[in-house]
Amino acid sequence: MTSRRTKKVSFNKSSKIVEITEDSEPNGLERISKEQIVETADLRDDEFDPDTMDIDLITGKKKKVIKSKKEEFTVETIPTSLLVIPYHLPLLLFSMIADGQLLSQTKDGLQKGFFNLSILSLIYSVLVGEVIKNTKNPKSKSNGPTGAEFLYTAITYPISVSLAVPLYGTFLLFGAPTGPLTVLTFYLASHVALIVFYPLLNIYRFTDKNAKAIWWKLFTFQVANWKLNQVYCSTLGGLLGCWLGVFPIPLDWDRDWQDWPITLLVGAYAGAFLGGLLSYLYGRYVMFKLTRKA
């Protein structure tokens, strides 16, 4: 004996008529032989999945939905490359020291160095963006940065320079001198801001979908496989080198290079370069071990 019953249920803010045909078995049990969905809108076969519906088609009751655990978000790891090493930093530092202006006229030397750093940092950011783009998609050849990409790189330059203001305040909290040396401290903050923030802003863009979560993890040092992230290691190396540059100043050596803020500037440049270099070497070491095991 076949019985037909009709149930009207609502889910996903749309009404659907569920018609279920049941056959009575000799033992009194009922077996569902046919299910039909009737509605005003068409349903494709791949859209109708009883397992994913929040309504039980047999009882007409709402199913209990068990929420799956949210996948933990991680910062994307940047592939290591020789081209990502900031070679321009030691070259620029050497030119500032060899010029002699940094030691004799520190303010003018910092101004000239900042101008050169701005140009080289722009070129470096574009280069790193192209290297990462080609590494992610090796089959597709890039013809250089698009207009939108270059515009973004240009916009992030004043943003990076403006970050010198909170960085300057941080230097003051750590005991940086004020008065006549205030201008020198701000120039130091401008150099460090370009070194540590500008590349990061061009790699982890604030226009990305998860930009807020990414930068939170960057600032709180929650970066997975951070030793393989050359740009992030350059940032950490620049900050660490700037901090270590304070220690030679109070030594009783009476040298010109001990004047504020020369040693901090040297530490920031050298630390950022060494951070990127050591990250690359560590990446080569990891690849060597993996290929050796294989």
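Cβ coordinates are placed from backbone N, Cα and C, and glycine is handled just like the others.
These come from TrEMBL:
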| type | residues | note |
| --- | --- | --- |
| TRANSMEM | 73-98 | transmembrane segment |
| TRANSMEM | 110-129 | transmembrane segment |
| TRANSMEM | 150-174 | transmembrane segment |
| TRANSMEM | 186-207 | transmembrane segment |
| TRANSMEM | 228-250 | transmembrane segment |
| TRANSMEM | 262-283 | transmembrane segment |
Positions on the same chain near the transmembrane segment (150-174), where near means CB under 8 A and six or more residues out:
118, 121-122, 125-126, 129, 185-186, 188-190, 192-194, 197-198, 201-202, 205, 207, 243
Can you name the far-off residues of the same chain, 6+ from the ends of the transmembrane segment (228-250), with a Cβ under 8 Å from a Cβ of it?
75, 77-78, 80-81, 84-86, 128, 174, 188, 192, 195-197, 199-200, 203, 218, 258, 260-261, 263-276, 278-280, 282-283, 286
